[in-house]
Number of protein chains: 4
Amino acid sequence: MARTIGIIGLGHVGITTAFNMITKGIADTLVIFDKDEDLAEAESYDLTDALGGLSTYTKIIHNDYAALKDADVVVFCAGDISAILGGDRTSEIRTTKQAIVEVLPQLKASGFHGVLIDISNPCDVATTYWSENLGLPQNQIIGTGTALDTYRMRRAVAKVVNVNVADVRGFNMGEHGESQFTAWSTVRVNNKPITEIKTLDLDALSEAARLGGWKIFNKKHYTAFGIATIAMELTEAICSDAKRIFPVSCFDPDYGVCVGHPATIGAQGVVDNPPMALTAAEKAKYDATAKTIQHNLATMKATEVQA
Amino acid sequence: MARTIGIIGLGHVGITTAFNMITKGIADTLVIFDKDEDLAEAESYDLTDALGGLSTYTKIIHNDYAALKDADVVVFCAGDISAILGGDRTSEIRTTKQAIVEVLPQLKASGFHGVLIDISNPCDVATTYWSENLGLPQNQIIGTGTALDTYRMRRAVAKVVNVNVADVRGFNMGEHGESQFTAWSTVRVNNKPITEIKTLDLDALSEAARLGGWKIFNKKHYTAFGIATIAMELTEAICSDAKRIFPVSCFDPDYGVCVGHPATIGAQGVVDNPPMALTAAEKAKYDATAKTIQHNLATMKATEVQA
Amino acid sequence: MARTIGIIGLGHVGITTAFNMITKGIADTLVIFDKDEDLAEAESYDLTDALGGLSTYTKIIHNDYAALKDADVVVFCAGDISAILGGDRTSEIRTTKQAIVEVLPQLKASGFHGVLIDISNPCDVATTYWSENLGLPQNQIIGTGTALDTYRMRRAVAKVVNVNVADVRGFNMGEHGESQFTAWSTVRVNNKPITEIKTLDLDALSEAARLGGWKIFNKKHYTAFGIATIAMELTEAICSDAKRIFPVSCFDPDYGVCVGHPATIGAQGVVDNPPMALTAAEKAKYDATAKTIQHNLATMKATEVQA
Amino acid sequence: MARTIGIIGLGHVGITTAFNMITKGIADTLVIFDKDEDLAEAESYDLTDALGGLSTYTKIIHNDYAALKDADVVVFCAGDISAILGGDRTSEIRTTKQAIVEVLPQLKASGFHGVLIDISNPCDVATTYWSENLGLPQNQIIGTGTALDTYRMRRAVAKVVNVNVADVRGFNMGEHGESQFTAWSTVRVNNKPITEIKTLDLDALSEAARLGGWKIFNKKHYTAFGIATIAMELTEAICSDAKRIFPVSCFDPDYGVCVGHPATIGAQGVVDNPPMALTAAEKAKYDATAKTIQHNLATMKATEVQA
């Protein structure tokens, strides 16, 4: 059956993700949405122009929720990133909730029953909010969460020890925000525990990884290429039922919210949560970051938006 | 040998082209440039983040002209597209000339001896200007020219007659600007001359194709995905010496300027100019549009910029 | 939904096609079949080994017809090519009919309702036989037919006039066998009718194209890479509903059999048969080749095989 | 600069590797060789046929050593696999040495100065032999060695614990032959040491991995898809100077021969040998397998072949 992918919200992240999907030939049908109908139409033209030079074909449709009925994946990227220019992702709570509340009834009405990937921030509370309100099984709701932070940690480590990023493994966990942490006990370089490389200052590396996004963000006011690549990888894993591990934001029953941690991704979204052997210190960090998400979720719930 | 690609100017077009190059695995080394050093650095971080999810590897370097010494291709996308918000591409003449003049001595000094692809507008005069001043053989200077207009014509035709864009062939020619035209005598749909489809209003189609870019531009204030795909196709054709036909802006000795017309692209840039059997009316249009480019080139030469 | 592709018959063509499908990341689930169960298992292991180095994932299953229930495409490659070592493809009639008759009840019982692509020879009669017996709408049965002959004609022309094969357009038509012909009136080189290139000997080119396969076949005793690429292209066009033109063997109501001619391929298989403006001489050749197929079909029907 | 890849020996492995290179668009020029000139020509036709359906272009040349002068990579796959139908890879020693001795002077004379990848068996002694006789720096000579055994180990583990092969890390080491071993201390599943999964019988898994190849081989009499994928991955890593870790056969100064172990692969071939923290038992196995290779190398040196 044709792979149908929806992308809601055509800011830099949404449209870069859309371009990536057609360039890699992943989507047979791509349905893009923006509340600015003219923008959605303009982007559909710009994306369609690219088909002239691709060997694969993607049908591009805009602002048609009915087309999502049998979609495999919907990527939600709406919101207004300028809300966080002050430097705190949680200040986006209101704008993101507003965007979700506007989209939710239409997405429900479409009969969509695939996997929702939330990129909007604050990612973990937005993902939890979707999970509580979309009416789909919890495992079908995923946030990109610390997948991007993990890419950045891997990039920072790869640079310092001069290896390929593919040979750095391990995970960042927790909130996709200030309280996240690198679970260094999980990180391996060239298949060796990074903790055994005594010359490395892991705190400095953590900081480099954490600041990576800000470095880009403060200059560009958005970051797009890492996250668009993650959305592509997750979509491929879902469409092909790959059962691959990604550090994503998904439901943690111990805390009742979505928290970034390694999960096995397949056709049904999260198909397993392999247990992690964190150190005591890492467990404490995880506990703290999960509580931050709980707190932010309460804030989101209390935030009033227009129906 | 490693494929080295340079991209100068990191506006929407430049950075989308850069992302496309690494996503498709075309560049072994990608050297990106922007006169805003911090932006170039930020983009190099954002692009590098994407490597975490790709199976190919690209070394990403920024603002280092020495790295272009043996580059296969340099894509020039500098300039300020906001200069044409009024609707006329020629108003970009000053900003583009300024950008070229700033880059030219550094590019020359690098020892670069590959193929330069100009995306900056007004494309044909910018390409001619490069051709006259870079000190490389004329055939190594190409402008994307009417390649994008051709994509748009093909897209417009494909939509109207409900076929795949791959089954629409033919060319737009002339200035990448208001005086361009579709050479309908070259256009075939499903391998049949479009002129035999009597129900089609070719003038209306021409208009649709011409307005396509403006539709996107007026809403987004830039267009990126079509042109980034063309830059990728041309780069692949050059690196693999494919000797494939593209409607690009390249030197036409009859007019002494670069004009958009079909050319065979290979390792040395333009390796052939297959003769076109245009109708008398099309020849007249070509003559008119070439003269427009001559006029605009004179304007560019007369325009003073800061050394 | 996941793309499921079946491949029946794991000779050189079948297994090369299978490898191509996973290498290009087209199939989410690949179901391979061979009447030699051990071979099917061995190939599933060899193919699965490749997953260790791919960024996409494909679930590989063998000899399980139930898995074809919702398959998008089934490629039928069974038969015994050694039957034609004498040089005449029709001598394969018995072995191919035997293979079809063995597979048919199992494929029907699976509930398969996608598009069947026949590669087995003699292709046109095998395709017609499938069409008459599988119980699916005629448009869902396609033979690769003269698609391969067309590739070879384009390759032969490209070599002689020194252009890229992408810039040679046009079609071979009729039986995928000795009576096929190049419809030179449809062939264009660099968008120019080949008939206008007066220096070319089209009869010699026809012969070169026709002999191309034999040249490979006589040495290797099979040909695989061209046909595997065509199977991949057709599968992509079907999965993405691309509505692209391919010269394939499909039903021609004027003759009551499947004959190689340009058809528009989409999700439902053949979605259109764009009219061709052949010359009188080409029409006569088409008539003759179609009658050859009618004759061969009668032979196949009369051939007795084991139930 | 264009990427030029040579493939010497067009048995199943060589030609599958060649097809993979053009299908993935990795090679700009592909030079294929076989001592059977007619076969090389036939394969060049079959491969060229595939270009009709690819969006990338590869120039295909056969049996022309001069074209290897600036080649990035030469893959050596000559030899006669039927020599090992008895079940012992070392019986191939004579036929492989014969093939090397025939190719060596021509390869040297070509001026080739890139990286040689040996796939021929017995891989480690063949690689060592190349290393001692080709006149290139040792780091530019690589054998695929236990890369394939590693793929198979990962595949066997992935199946037993039901995870994606991408989430199984670790290495097989030693001789690409009977004395190889899985270094279980290096293997991680979902980022957890496999040794902590108490329910697994690692000896049985080792056996499954070791027998994997024989299972395929005994039925097909060759294995091709895993190894062709490895050749592609190594070639990409070399062309893009990826500095990625692969378990390949390369020079181990402690033993004076090439032995399969993790090495960092970049433009210069082996650019680093990251130290491995093997257990004492694993070190003993490594010592034993390295001595087997030393013994086999002595046999190869003593084997007389025709000059």
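Each residue, glycine too, has its Cβ placed from N, Cα and C.
Among the candidates A:ASP34, A:ASP36, the one that TrEMBL lists alongside A:GLY9, A:LEU10, A:GLY11, A:HIS12, A:VAL13, A:GLY14, A:ILE119, A:SER120, A:ASN121 as binding NAD(+) is A:ASP34. A simple way to gauge crowding: the CB of A:GLY11 (NAD(+) binding site) has 19 other CB atoms within 10 angstroms, across all the protein chains here. Residue counts for the domain 'Lactate/malate dehydrogenase N-terminal' (A:5-143) under DSSP, split into helix (H, G, I), strand (E, B) and coil, are 72 helix, 24 strand, 43 coil. A:HIS176 (active site, proton acceptor) and A:ASP34 (NAD(+) binding site) are 24 Å apart (CA-CA, integer value). The number of other Cβ atoms within 10 Å of the Cβ belonging to A:ASP34 (NAD(+) binding site), over all protein chains shown, comes to 23. Residues A:GLY9, A:LEU10, A:GLY11, A:HIS12, A:VAL13, A:GLY14, A:ASP34, A:ILE119, A:SER120, A:ASN121 are recorded as binding NAD(+); their most distant pair of Cα atoms lies 17 Å apart. Mapped onto three states, the DSSP output places A:HIS176 (active site, proton acceptor) in coil.
Cα spacing between A:SER120 (NAD(+) binding site) and A:HIS176 (active site, proton acceptor): 10 Å, rounded to the nearest whole number. Contacts of A:GLY9 (NAD(+) binding site) defined by a Cβ separation under 8 A and a same-chain sequence distance of 6+ are given as A:PHE33, A:ASP34, A:PHE76, A:CYS77, A:ALA78, A:GLY79, A:ALA99, A:SER120, in order along the sequence. Distance noted between the C-alpha atoms of A:GLY11 (NAD(+) binding site) and A:HIS176 (active site, proton acceptor) is 19 Å. A distance of 16 Å separates the Cα atom of A:HIS176 (active site, proton acceptor) from that of A:VAL13 (NAD(+) binding site).
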